[in-house]
Structure formats: C-alpha cells, structure tokens
Amino acid sequence: MNTKEISKVVDLVRESNPLVHNITNVVVTNFTANGLLALGASPVMAYAKEEVAEMASIAGALVLNMGTLRPDEVEAMLLAGKSANRNDVPVLFDPVGAGATSYRTEVARHIPAEIELAIIRGNAAEIANVINEKWEIKGVDAGAGNGNVVSIAKQAADELNTVAVITGKEDVVTDGERTIVIRNGHSILTKITGTGCLLTSVIGAFVAVEKDYVKAAVAALTFYGVAAELAAAKTVEKGPGSFQIEFLNQLANTTSGDIEKYGKIEVI
C-alpha cells in the first residue's frame, strides 16, 4: 500500500457523495456536518429511536459516537447498528472517553458485543479500555499509558473482528494482519474540539466508497492529516480559530495529488 494507491479514494468520495448517518455528540454536531460537507459527503444527524433504523438502512455508512452519553442515545445506537448490519451498511464506532467512568466503559464494551463493526476508532486509552486492557485516561483524552499502541490495535482488531484505528501523534490502522502507520497531521488539531470525532465520520465517508476498510481508513487518515498540515501552514501563527476555518477549506480543497505528494505512510 502506498500514497498513489490510496490517493484516489478521496476522488471516489467526491464523485459518489455518500450519505453518512451520524449518531454523534452535541459538542461536535455542527463541526462534523460542515466537515463532511466540505469533503464532499452528505451528512445526516438522525437520533430518534423511531427513525434511526430506517435511516441507517439507506446510508452509505453509520457512525456511532458516544461523546455525550444518554440512555436514549445508546438505545438509538443499538437500533441503528443492528439495522445497518442487516442491510450491509458499514458501522464505525468512536468510544469517546471509554475508561473515564464505569457507565461509559460499560457502553463502550456493550456496543461492539451487539453490533458488527467495520471500524473502531479512538485514542490508545479508549481502545485499550474497550478490550479491558489497562491504560491511563484523563477525561476523554489519552493518558500517558505505557502499552504498545500497535499491539493494542492488533488485539482490538482480533478480539472485535474489525479494523482498529488508533490515533495520536502517529496513527495506526490494522485488521490484525495488515498494519499501517500514518505520520501526517499537526498538533494544533488538539486545540479544536471535535477533530477526532469529525475524523471518525470522515473515515465513514471513505468506508462508504471503498470496501477494503484498511485501505479506506489509511486513505482517510492521510487525507485528514495532509489537510491539517496545509491548513496549519497558513494559519498556525494566528491561532486555533483561524485554523478551524482554514481546515474546513482544506477538507474541500485537498486533492488526491496532495495526498500522493505529502502523505507519509509505512506498512509495518
């Protein structure tokens, strides 16, 4: 796998305009919708249990994000996820803050037990806690755990029968057999709330058009990281507000050629 091979997936997203059904958190809803629109996907935010199964059945991908947990949202996620499974719609799960509280951890482990996942995406602490491995956590952000990120990712992929994506300074994608590290991105992403949540939804748009989920995830992460680098080059000295606006611009303007030129991926 190389940057030339993955670079074309962004073109497929823009040509296909896939419908991405998000059951996400209240903090990031607007940013997520605008980011998907900028990319060229079509977002829908449908949360009511009365409609989520129907909406999920017609989507290109379903993204479940437990950032602001409520029991009614968990019920909606389970209904939507099972509908997506019945209709061969890929499901992505973002276990935000898994390990922070007992309830959050319980939900983070229950959803993969009930729903077949195409992708699970989180930081190292979150993924470790989903599979009951010890890792420090502070709020919804990764702590300074000492575990090996690649081994945690592989273990999660094997135990959950999915593609595991662990993001951080370097990003890891694995299905338990193929493992790729992506080294794009910029530290200013951590100064904007919701960039990780949007990333999961962007991966959803790529998964909707590329059925090799490892390739789709690597392409999405590389695209996202390159877009962040290009945005930071123009705005980082101005601050996170200017960066956020320019980042949306770059989600719209970053090309397959940019991915091929600036992407940094390594198969390990």
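From the backbone N, Cα and C atoms, a Cβ is placed for every residue, glycine too.
Among the features that Swiss-Prot reports, substrate binding site is placed at MET45, GLY194. Under the heading ATP binding site, Swiss-Prot lists ARG121, THR167, citing sequence analysis as support.
Burial estimate for the binding-site residues (ARG121, THR167): highest at ARG121, by number of other CB atoms within 10 Å.
Of all the binding-site residues listed here (MET45, GLY194), it is MET45 whose C-beta has the fewest other C-beta atoms within 10 angstroms. The distance from the Cα of GLY194 (substrate binding site) to the Cα of ARG121 (ATP binding site) comes to 14 Å.
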